[in-house]
Amino acid sequence: MRKVTTLFFVFALLVMAVFPAGAAAQELKGTIKIDGSSTVYPITQAMAEEFSYEYPRVRVTVGVSGTGGGFAKFNVGETDLSDASREIKKSEAEIAAENGIEFTKFIVGYDGITVAVNPENNWANDMTVEELKMVWEPNSSVETWSDIRDEWPDEEIDLYGPGADSGTFDYFTEVINGKSGASRSDFTASEDDNVLVRGISGNKYALGYFGYAYYEENSDSLKAVAVNGVLPNRETIASNKYTPLARPLFVYAKNSAVQRPEVEAFLKFYFENAPEIVPQTGYAPLPSYEEALAKVEKLAK
Amino acid sequence: MISLKKKRMLTDKIFKVIFLIFISLGLVVLAALIYDIVSKGIIMLDWEFFTRFDSRFPAKAGIKAGLFGTIYVIGLMIPITFFVGTATAIYLEEYAPKNKLTDLIKLNIANLAGIPSIIYGMLGLGVFVRYLNMGRSVLAGALTLSLLVLPVVIVSAQEALRSVPNSLRNASYALGANHWHTVYKVVLPSALPSILTGFILAISRAIGETAPLIMMGALTFVMFTPQGIMDSFTVIPIQIFNWTSLPKAEFELVAASGSLLLLILLFILNGLATFIRYRYSRK
């Protein structure tokens, strides 16, 4: 008995021992806390990874709580930067103001929400925004494909979409149904986009929507539907031809945090490398990041 | 007479077959699951998988941050849970007066064992992270997981203490030992194998928990290992969860490697539980 007790004590002490951080030459250090959207996560993760190679003493942490969940932490001052796939809501900004948090919005790239069907679906090549609204509006009466167009098969339509905590859901419902969050609710909802991809690729009569990166990575098992005659691809998304479903992606920065040299360095690194890294993550970059860099410069002063 | 016997034997056989079907159902599913994880997980599992941090490239992604995070959190959780859990069980079984209040407490502890784990995550976020200002630290994570498994640990320790025959206690008293001596020298040593077995199985459960830690704010992407108990962290199941949700299909293989590692850790712990039980109960 005593042996076991001693063993546990030694173990506990070992674990609790605070190891001193090794001395390194890199002068810049500190911690940058980021949280938010799962859509923006691949971009920010890539930046954090590359940044860590260059500044090994700066610890960049990235969480994935969804756009809304990210703002909930950002607005009480728990994070320095917040990934977002939609703009901050008025109600969220009010909470930030109450807590004395001033912030700046940066656009980091563009995503095109992709409406996808099964590759075996040979009828739905193009849909209009009105048709999409018919399908997705609250209390929609669309049950079968033929409810959308008479010549389409009389088969039940299986719907897949992101969950309510997702910025993609907010944006899609806003531009298609006219009100953010207004949607029919009898569809398979998942915050995990791969669940949607798997669902649609396994069901001939399925229809769903998610971020473009997920379509691009799975383009052999999915078919994208053109919206108002335009197919989503990097060119149509970046040039804003793919309206209304092309949308900007954001990073929100706490102004007081940008004054810290490590956060300033990270944001500069972010926008200097965005033209190269954003396309690698499956999104479309901005034509120029000069404006963003100037904003960082100004905030850091 | 003979037909009655035949009938009884037939019923016996039928039930034997039914039970066999059910157990093989479970075993087949388990075997399929293990085959799936091992066959996929082995592809990406090499030494570098343990020494690398996460990456946006599947081939470069490693589990180092999660592995160290899990070791820190579980390492800190083990002493907390063991001492608090065993002490509570000793009080409830050996010291507490037998009245309605004690019964109520026991009943509630048993009920707590059935609460969904995400609720403990919310509790951890509210109490440890925010109210006690621990931040999203290893300590807050360890305390949250401790709360999660404590009911199970307490209940199994209570069972273990209850199974110690009263004759042992009486013998100890008869030799002039006081209450504490009896508990420490007689009751605990004979209950220890069962306490430890229940305890280690509870730890195994905590290692696989994702939801409460995501809720209390463990991170997804970190490129460092914790340097102390107040540092931020991630754990193996969170990394697995994250890899499965990424767009690149190859991350599914990385996730399988992570699952394989988790599976191996769990096998080791369960093996340890069996070993301890075997070793101590032979004495």
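Any Cβ shown, glycine's included, is placed from N, Cα and C.
For B:67-273, the entry in TrEMBL reads domain 'ABC transmembrane type-1'.
Marked as transmembrane segment by TrEMBL: B:14-35 (among others). Beyond its flanks by at least six residues, the transmembrane segment (B:14-35) meets 263 of its own chain at Cβ-Cβ distances under 8 Å.
What TrEMBL lists as transmembrane segment is B:65-92 (among others).
The transmembrane segment feature in TrEMBL is assigned to B:112-131 (among others). Counting only same-chain residues 6+ beyond the ends of the transmembrane segment (B:112-131), those with a CB under 8 A from a CB of the stretch are 139-141, 143-145, 147-148, 150-152, 155, 209, 211-217.
Taken from TrEMBL, the feature transmembrane segment applies to B:138-157 (among others). Beyond the transmembrane segment (B:138-157), the same-chain residues lying 6 or more positions past its ends with a Cβ under 8 Å from any Cβ of the stretch are 69, 72-74, 76-77, 80-82, 84-86, 88-90, 92, 109-110, 112-113, 117, 120-121, 123-124, 128-129, 132, 191, 194-195, 197-199, 201-203, 205-206, 209, 212-213, 216-218, 226, 228-233, 235.
Counting only same-chain residues 6+ beyond the ends of the transmembrane segment (B:186-207), those with a CB under 8 A from a CB of the stretch are 70, 74, 77-78, 81-82, 85-86, 89-90, 94, 145, 148-149, 152-153, 155-157, 159-161, 163-164, 168-169, 171-172, 177, 236-237, 262, 265-266, 269-270, 272-274, 276-277, 279-281. Summarising the annotation, TrEMBL assigns transmembrane segment to B:186-207 (among others).
A Cβ distance under 8 Å defines the sequence-distant neighbours of the transmembrane segment (B:253-276), meaning residues of its chain 6+ beyond its ends; these are 34, 36-38, 40-45, 49, 58, 61, 63, 66-67, 70, 193, 196-197, 200-201, 203-204, 207-208, 236-237, 239-240, 243-244. The annotation transmembrane segment is assigned in TrEMBL to B:253-276 (among others).
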